[in-house]
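Going by Swiss-Prot, these are the annotated features:
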ACT_SITE  Cys109  active site, nucleophile
ACT_SITE  Cys112  active site, nucleophile
DISULFID  Cys109-Cys112  disulfide bond
DOMAIN    59-184  domain 'Thioredoxin'
MOD_RES   Cys136  S-glutathionyl cysteine
SITE      Asp103  site 'Deprotonates C-terminal active site Cys'
SITE      Gly110  site 'Contributes to redox potential value'
SITE      Pro111  site 'Contributes to redox potential value'
Amino acid sequence: MPLSLRLAPSPTSFRYSPITSTGAGGFSPVKQHCRIPNSGVATKIGFCSGGGGVLDSGRRIGSCVVRCSLETVNVTVGQVTEVDKDTFWPIVKAAGDKIVVLDMYTQWCGPCKVIAPKYKELSEKYQDMVFLKLDCNQDNKPLAKELGIRVVPTFKILKDNKVVKEVTGAKYEDLLAAIEAARSG
């Protein structure tokens with residue numbers, strides 16, 4: 001039986017990204033990536049229920065990320081969709097001929113937090129593309145390994161279900177150039 005995919009966000013599927021109002025929280029902007037330890041660290045995702053902007057940890061946050069599950073695989077343009085090992089490939093396939101940009105990050109990575117608002121802005125600018133985020137925690141380690149991640153953040157650009165470009169580190173200009181190259185090529 002073919003998998004049926006819903007292409008609109010579920011009203012209960014919103015999660016806030018962990019960007020603090022003070023920026024990188026003490027991380028130097030010179031550092032552009034974090035190494036992923038071999039052991040892998042399972043991270044806890046904080047959820048906001050009433051849109052009040054406070055995570056479980058008590059930190060204020062700024063932007064919103066859509067989260068999906070296999071039951072509600074959501075592909076939308078103009079926003080960032082949080083994926084996991086179970087929903088990534090179905091969403092990439094559902095995107096059809098659209099270019100897919102994937103941000104592979106961790107909750108504890110300072111440079112990932114610094115570039116997250118810029119990544120969100122790109123999703124709003126490039127309405128003809130699908131922007132995804134994958135938390136490279138222990139649960140998603142098999143997919144991260146399959147995609148060949150060594151550092152976070154790593155950005156993968158996919159066309160026709162294949163990786164065509166990769167940018168490692170929080171290098172906004174390089175990411176922008178890779179997106180433009182994928183669009184024109």
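Counting starts with 1 at the first residue shown.
Note: Cβ is positioned from N, Cα and C throughout, glycine not excepted.
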Original post:
When a 10 Å sphere is centred on the Cβ of the residue listed as 'S-glutathionyl cysteine', how many other Cβ atoms does it contain?
Top reply: 27
**OP:** Taking Cα atoms as reference points, rank the recorded positions Cys109, Gly110, Pro111 by distance from the residue listed as 'S-glutathionyl cysteine' and give the first.
**Re:** Cys109
Original post:
Tally of helix, strand and coil residues over the domain 'Thioredoxin' (59-184) according to DSSP?
Top reply: 45 helix, 40 strand, 41 coil
Original post:
Which of these recorded sites has the least crowded Cβ, counting other Cβ atoms within 10 Å: Gly110, Pro111?
Top reply: Gly110
**OP:** Take the Cβ of Cys109 (active site, nucleophile) and count every other Cβ within 10 Å, whichever protein chain it belongs to.
**Re:** 22
